[in-house]
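Please read the structure below before turning to the comments.
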Amino acid sequence: MPKSSKVTQRELSNEHVTESVADLLALEAPMDYKSSQMSMNMAGGGPPPIGKPDISPDLEDGRPAWNSKLQYILAQVGFSVGLGNVWRFPYLCQKNGGGAYLVPYFILLILIGIPLFFLELAVGQRIRRGSIGVWNYVYPRLGGIGVSSLMVCGFVGLYYNVIIGWSIFYFFQSFQYPLPWSECPIRRNGSQAIVEPECEKSSATTYFWYRETLNITSTIAESGGLNWRMTLSLLAAWIIVCLAVIKGIQSSGKVMYFSSLFPYVVLFCFLVRGMFLKGAVDGIAHMFTPKLEIMLEPQVWREAATQVFFALGLGFGGVIAFSSYNKRDNNCHFDALLVSVINFIISMLNALNLNVEAGFRGQSSSLMSVLFSCRNAEKILGYLNSNVLSQDLIPPHVNFSHLTSSDYAEMYGVIKIVKEDSFAQLGLEPCLLEDELNKAGAVQGTGLAFIAFTEAMTHFPASPFWSVMFFFMLINLGLGSMIGTMTGITTPILDTFKIRKEVLTVGCCIVAFLCGLLFVQRSGNYFVTMFDDYSAGLPLTTVVILENVSVAWIYGTKRFMQDLEDMLGFRPYSVYFYLWKYVSPVCLLILIFASVVEMAISPPGYNAWVQDLAMERFQSYPPWALAMCFSLIVVAMLPLPLVFIARHFNWLPDGSNKLSVSYRKSLAKEASTLEDETRFILGKNPSEAPSPMPSHRVYLGPGSTSPVELITNSTSISGYGSGYQTNPTPPKSES
């Protein structure tokens, strides 16, 4: 057959077939004539087998590999443990009853988190592709899963790096003594000096965050122009990310040695230092005192499931991308357990730090004096002056100018006993440590890092040192997650298109920085909240349940378990069979239903900072912003139905048999060499040399109803994503 021959049309199929060796090998994996038995194991548009793609690992396919197992584990840990572990898990733990929240969280970690994390690690390692290539290969009609993952990674990366930019700004501001957020600024009016009213009404750390850092507007509709300091910080953040991922895992893997280990050292140091603060033990005791009645509330389980879901980075594609650079016999089951346990321990460490800080804030005599002197001391003094209360009720050691929590509690108890009948009319509030601990830990989101923790650090000796360490830790935590997010974007693109890694990385970072200017306006924090609420939650949950269904129900759980046994050298526990097939899908469906209900009953809006009141106030989104919110959900989920419909009607070619562009050139060279060797062995001219391939090849794309041809050769030639078989009829798909 001439070398220049192209595809021909087969009578029973509407798909193109490849005839020459060069053309075939340009799309297929290198042949292994000794072990080339593989059947399609599907009928019509069914899924090709994950189990035995005959592509030799690492060396033959030219795909990069991790330099060491430690580097890979640190990369997975760095991706899964991010800024959300610093502020979301501690806030949810504090909000939902401390120890009571840990019970549903741990249960759902076992039922949802570890099985699905193991599933993503396994398919990425076995198929050795990014998210697009993996799901094109498992079931091409659900190839939109990978595209949706990439879209979500893009949305999350846009605003996530803004938070790193904020941390960079605070990092450089920390090289001052005293810290710039330790005291309220003084405004001078001629010869008179007064405290800034907005700061006096709130606090020094709150004022510095909203006014000095963000210089925030009062509504999302009021742009206020670019905040140039935050713009420069965002630029610095994208430069750091670009340098970390520009060489792929060769550069990001080395960065992980520091960025993944340093934060945990700092967190441990913070915990040790915090234990010496007054009230720290009370805070920890408050955390581990379970409120069992709260554990029965459905909201607690929903929030625990959501946190498990996001804590491990499921659905983003970063987990799959990282595992695709592993050797195929790597023990990914051990990796799933190890990373999940480390993630849980780090989350607990953050929760302990928050409760230590909350205990300190709640117990601090100076803070309690401010809280209760302003709130109740004037009332009691007024009652004393008007003879409503007798001076005999006040213990002689009580000093109203330095009223402590214990003094107030003693005075409150005496008045309540003596004035039992008319006590309710006095309007005095109880001084309960538990109430103050709940209030101290009620801050959530970015406010927890940039308001609550910064306030605690002002009370540390050598506060600039601790502040520098804290924000350097945040930068490294964010960088680890951003490396995983960028890998989830670049790896599928590199597997699909022929493009230089460096060019793609730089281009993505430039585009992301320009799009990120939306978040560094004076109103940018409101858009960060919008993207955080709407761009990832529902789309990611949908992506993960489709991943679960495509493997457990379409490909078949039994067959997947057999593939894992071939890959790992041992059969995973049978409990995974039932978790993948029944438990995880049901839990995810419930989570999706609960998320939709929550979105329906909760009015869409945001907390706006009102300058005159010096406090946050909930505001509804204007119509254009509301349309933007739902557009984020629609755009992220749109590839799912589009790809399914396009492949069902054969409008879109099946990408399941396409190899990574990283070694297409080498395959073309091998193809040419193989043809030359064939001609030499057969001793014939190129035009006379018979092709070692069958004269016709049937390609069964998605939705194809053509019968599988009976190949007369005794051996079948397998390829990546398709193959030849000697069976007249394919075996039924196992489930």
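Residue positions begin at 1 at the first shown residue.
Cβ atoms here come from the backbone N, Cα and C positions, even for glycine.
According to TrEMBL:
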- 72-90: transmembrane segment (TRANSMEM)
- Gly78, Val81, Asn85, Asn343, Leu477, Ser481: Na(+) binding site (BINDING)
- 102-123: transmembrane segment (TRANSMEM)
- 144-172: transmembrane segment (TRANSMEM)
- 230-249: transmembrane segment (TRANSMEM)
- 261-284: transmembrane segment (TRANSMEM)
- 304-322: transmembrane segment (TRANSMEM)
- 334-352: transmembrane segment (TRANSMEM)
- 465-491: transmembrane segment (TRANSMEM)
- 503-522: transmembrane segment (TRANSMEM)
- 534-555: transmembrane segment (TRANSMEM)
- 576-601: transmembrane segment (TRANSMEM)
- 621-646: transmembrane segment (TRANSMEM)
- 713-735: region 'Disordered' (REGION)
- 713-727: compositional bias 'Polar residues' (COMPBIAS)
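Using a Cβ-Cβ cut-off under 8 Å and counting only residues 6 or more beyond its ends in the same chain, the transmembrane segment (144-172) has close neighbours at 82-83, 130-136, 213, 229-230, 233-234, 236-238, 240-241, 315-318, 446, 449-450, 454, 467-468, 471-472, 474-475, 478-479, 481-482, 485-486, 488-489, 492-493, 512, 515-516, 518-520, 524, 527-528, 531-532, 535-536, 539-540, 542-543, 546-547, 550, 632, 635-644.
Scored by C-beta pairs under 8 angstroms, the transmembrane segment (230-249) has its highest count with 503-522, from the stretches 72-90, 334-352, 465-491, 503-522, 534-555. Here the transmembrane segment (576-601) has long-range neighbours at 108, 111-112, 115-116, 118-119, 298, 302, 305-306, 309, 537-538, 541-542, 544-545, 548-549, 551-553, 557-558, 560-561, 735, meaning same-chain residues at least 6 beyond its ends whose C-beta is under 8 angstroms from one of its own. Listed by sequence, the residues of this chain that lie at least six past the ends of the transmembrane segment (534-555) yet keep a Cβ under 8 A from its Cβ atoms are 46-47, 49-50, 116, 119-120, 123, 135, 138-139, 142, 145, 148-149, 151-152, 155-156, 159, 306, 309-310, 314-316, 580-581, 584-585, 588-589, 591-592, 595-596, 599, 629-630, 632-633, 636-637, 640, 733, 735. Cβ-based neighbour count (10 Å, all protein chains) for Gly78 (Na(+) binding site) stands at 29. As a quick check, the transmembrane segment (261-284) and the transmembrane segment (621-646) miss the bar of 3 or more Cβ pairs under 8 A, pairs 6 or more apart, so the two do not touch. Touching of the transmembrane segment (72-90) and the transmembrane segment (621-646) is ruled out by the presence of fewer than three CB pairs under 8 A, sequence neighbours closer than 6 excluded. Each of Val77, Phe79, Ser80, Gly82, Leu83, Gly84, Ser260, Pro263, Ile346, Gly480 belongs to the same chain as Gly78, Val81, Asn85, Asn343, Leu477, Ser481, is absent from that list, and has a C-beta within 8 angstroms of the C-beta centroid marking the Na(+) site. Non-local neighbourhood of Asn343 (Na(+) binding site): Val77, Ser80, Val81, Asn85, Ala311, Leu312, each in the same chain, at least six residues away, with C-beta under 8 Å from its C-beta. Contact counts against the transmembrane segment (102-123), taken as Cβ pairs under 8 Å, peak for 334-352 among the stretches 334-352, 465-491, 503-522, 621-646. Within its own chain, the transmembrane segment (465-491) has Cβ neighbours under 8 Å at 75-83, 85-86, 129-131, 149-150, 153-154, 156-157, 160-161, 163-164, 167-168, 170-171, 174-175, 179, 240-241, 244-245, 248-249, 252, 255-256, 258-260, 262-263, 266-267, 269-270, 273, 313, 316-322, 324, 449, 453-454, 457, 501, 504-505, 508, counting only residues six or more beyond its boundaries.
Taking all protein chains in view, 27 other C-beta atoms sit within 10 angstroms of the C-beta of Ser481 (Na(+) binding site).
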